[in-house]
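Peer 1: Here's the feature list from TrEMBL:
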- 69-151: domain 'GHMP kinase N-terminal' (DOMAIN)
- 98, 99, 100, 101, 102, 103, 104, 105, 106, 107, 108: ATP binding site (BINDING)
- 219-291: domain 'GHMP kinase C-terminal' (DOMAIN)
Ligand SMILES: Nc1ncnc2c1ncn2[C@@H]1O[C@H](COP(=O)(O)OP(=O)(O)O)[C@@H](O)[C@H]1O
Ligand SMILES: N[C@@H](CCOP(=O)(O)O)C(=O)O
């Protein structure tokens, strides 16, 4: 530890609530994401020495308690950039976001850890600096930006000379929007779901997505559900990933027949997500039945968009 590092934190213990996210929203591959009202909690406590990691809930059996834990790694990165560090730490991860299902568990872990590390020392880093650190870990900004800021966020990585800037702009979720998710009982890592993508796509498919993402942003900004229903479609990633998710097209069609405006892959999958204003119970049942016809068991949730991102909550309330 460098002698210039500040050892004593402003707060001995912090607790951060961080939302799940659904990335891409159809055509917005690596660009668009929305926060959902399903939360993980990251609790960080300064200790006189050592490192202890506790994991509860989703992923408790598989998430590492060692230096390879991504929450610990991002905490260390934030403290290194800020020139601070406590002598030891206790990390408690309370997870409600299913892991490796396309609901942004890795983004929530990274954002929760980074915001906790910053909060403990009185926020020496700006939100923009936090965004750039977590994007570097995650590799793409579409989950981490809404996990940090809430709502729907459009983001882009701008590669300048000697710097990688992440630009993000927030859109409030359309009034009354509900997101019905069907979460299969199998894991699909983002890494695996990216490995099936081609290195190049036909020009006409690129044009298809440029028009759809432009129109989708108009639909979201203007609360235009008819437009959203027409343009929430994709040719850059979904066609290549459908081989990994049995029944994907059938689930999409069933959700729409039951009243959803549109249904798409959530992030890299395997979760499928349908957008609606009503009939959410019927939509969930239709999606579950359709997956069942293809031999896939799933759980469903009716989620609201989350207008706020990662935020500190009372760290002394028992949970
Ligand atoms: N709460 C957590 N704490 C530490 N690591 C986590 C946590 N949640 C997820 N991860 C890591 O992220 C991986 C899943 O990330 P990824 O494949 O991108 O799927 P997802 O769509 O859930 O983000 C897990 O295998 C685990 O290594
Ligand atoms: N744009 C990424 C989004 C991955 O989201 P996740 O929730 O599955 O991690 C991709 O489509 O690969």
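Cβ coordinates are placed from backbone N, Cα and C, and glycine is handled just like the others.
Note that the structure is predicted; figures quoted are calculated from it, not measured.
Distances, neighbours, how buried they are, the whole picture for these features please.
Peer 2: Around residue 104 (ATP binding site), a 10 Å sphere centred on its CB holds 33 further CB atoms from the protein chains shown.
The predicted model assigns the domain 'GHMP kinase C-terminal' (219-291) a mean pLDDT of 98.
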Peer 1: Counting Cβ atoms within 10 Å across all protein chains shown, which of the binding-site residues 100, 108 comes out on top?
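Peer 2: Max Cβ neighbours within 10 Å, all protein chains included: 108.
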Peer 1: Measure the Cβ-based neighbour count of residue 98 (ATP binding site), defined as the other Cβ atoms within 10 Å of its Cβ.
Peer 2: 22
Peer 1: Which binding-site residues, if any, among 98, 100, 102, 104, 106, 108 have a Cβ under 6 Å from ligand 1, given in order along the chain?
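Peer 2: Near ligand 1, sequence order: 100, 102, 104, 106.
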Peer 1: So if I draw a 10 Å sphere around the Cβ of residue 106 (ATP binding site), how many other Cβ atoms end up inside it?
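Peer 2: Residue 106 (ATP binding site): 22 neighbouring Cβ atoms within 10 Å.
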